[in-house]
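**Q** Below are the features I grabbed from TrEMBL:
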| type | residues | note |
| --- | --- | --- |
| DOMAIN | 13-70 | domain 'ABC transporter family G' |
| DOMAIN | 148-359 | domain 'ABC-2 type transporter transmembrane' |
| TRANSMEM | 169-189 | transmembrane segment |
| TRANSMEM | 201-222 | transmembrane segment |
| TRANSMEM | 243-270 | transmembrane segment |
| TRANSMEM | 276-300 | transmembrane segment |
| TRANSMEM | 312-340 | transmembrane segment |
| TRANSMEM | 400-418 | transmembrane segment |
Amino acid sequence: MANKGRTIILSIHQPRYSIYRLFDSLTLLVNGKQVYHGPAQRALEYFSDIGYTCEAHNNPADFFLDVINGDSTAVTLNNLEGEDADSQKDAESTSMSRKGIEDRLVEEYRNCQYYQKTKDDLERIAQGKQKTKGSRFRTITYNTSFLTQFKWVLKRTFRNLMLNPQTSVAQIVVTLFLALVVGALFFDVQLDDSGIQNRTGALFFIVVNQCFSSLSAAELFITERKLFVHEYISGYYRLSVYFLSKILSDIITLRTIPAIVFTCVAYYMIGLKPTPGAFFTFMITVAMVAYTATSMAMAISADQTVVAIANIYMTITCVFMMIFAGLLVNLPSIVSWLAWLKYLSIPRYGLSALQANEFTGLNFCQGNSSRPTLEAGCTGEYFLEIQGVDYSTWGLWQNHLALGIMTICFLTIAYLKLRFIKKFT
C-alpha cells in the first residue's frame, strides 16, 4: 500500500534494535518541543557530541527515551565518563533537574546543523504559498455522501443493539410486567361511579409510566460522547447522520415496540372502550407520550457528562409536570398567573387525549339503580367538562399536535446542544 502512494501511520511501542535500524529519519519531542530531527543512524553520534553516550549493548530507542525523559541513571553514567571535566560542572550536571535537561536538549538542537537544514526546508516549502490573515477555523470534510454515512451508521447502531440486547429485552419485559399489573389492578372496570375513578387512575398511571420509562434515553448521548466526538472531528460522519441514527434506533426498539406491547395487553384487561378506533387512538397517544418524553430526556442530557446528574434534572421536570396533568389538581381552578404552566406538561396532553378518547359516549349510571340513566351527570362528557377537557374531535387531536410540536422543539434543542458542545481541544 505504501509503494502505491498511500500514507501509512502506525505506532511501534519500544522497538527493538532490528526494527530501529530500519528507520530513515528520527524525530524526538519533549513536551511538544523538538530536540532532534534528522537521520536515524546519526542520532547516536549527535547525542554523543552533546554529552550523552549510549552504552555498548543498550537499545538506542530506550537510550533516547531515557535521555529526553531525564532518567537519572543515563545522566549519571554519562557524567561519570567525563571525570576529567571540571568538578563544579559535573556537580551541576548531576543535580540538573528534568526541566534543565529539556532546556539543554532544545538549546543544543537549535544550534546544530540538522535544525538549520530543517528550517531551510520548511522555508522553501512555504515559499510561494499565500499567507492567510486572521484566525483559521477548523473545518471538517467528508469523503462520502449523507446517504452512505446514514446507511452505515444506522447499520452499526442496530447491530450494536442486536449484539447487546439486554436493554431492549429488559424494556419490553418491564413493559409487559407493568401492563399485567395495571390490567390486574383495574381489571374489567364497570360503568358506575367506581368506573370513573378507576378509568382516570389507570389512564394517569399509564401516562406517568410512559414518561418515567423514557428517562432511559438520558444515557443515549452520554455513554458514547467520547466516541462520537472522536469520529465526528475525524470526518467519519455528519452530526445529522449520528443524530438521526440514534433517534430512529431508540424510537423503534425502545419506544414504539413497548408502546404496542403495553396497549395490546393492558387495554382489554382493563376493559376500556371496545372499538377499533378507540384502541388505535389509545396506542398512538401512548406512543406519542413516549416520543415526547424521550425527546425531552435527550434535550436535557445532550450536553451532560454524568448520567446521574441528567436523571436528577429529568426526574424533577417529570414530577413538576405531573402536578399539572389534571388529576392531582383541577386545572380550571388554578390561579391565572400559574395556569400557563399546564401548557408545558407532557402528562397533561397525554391524559387529556386518553380521557377524551375513553369517556366520550359512556354512561356511568347503568350500574347504579338509584340514579336515572338519563341524568346529565351520568355521561362521560359531563365528567370531562368538570375536568376542563375538550372532548371534541379537534380537542382530542390538538393534544397530539401539541405533543408533536414539543417533540420537535426538544429534538431541536438536543441537536443544537450536540452541535455546540466542545469538540476540539
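Just so you know, the numbers here start at 1 and follow the chain as drawn.
Using the three backbone atoms N, Cα and C, a Cβ is placed for every residue, glycine included.
Automatic prediction, not curation, is the source of TrEMBL annotations.
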**Q** Would the transmembrane segment (400-418) count as touching the transmembrane segment (312-340), i.e. at least 3 C-beta pairs under 8 angstroms with sequence separation of 6+?
**A** no
**Q** Can you give me the average pLDDT across the domain 'ABC transporter family G' (13-70), rounded to a whole number?
**A** 87
**Q** From the DSSP assignment alone, can you count helix, strand and coil residues within the domain 'ABC transporter family G' (13-70)?
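**A** In the domain 'ABC transporter family G' (13-70), the DSSP-based counts are 23 helix, 13 strand, 22 coil.
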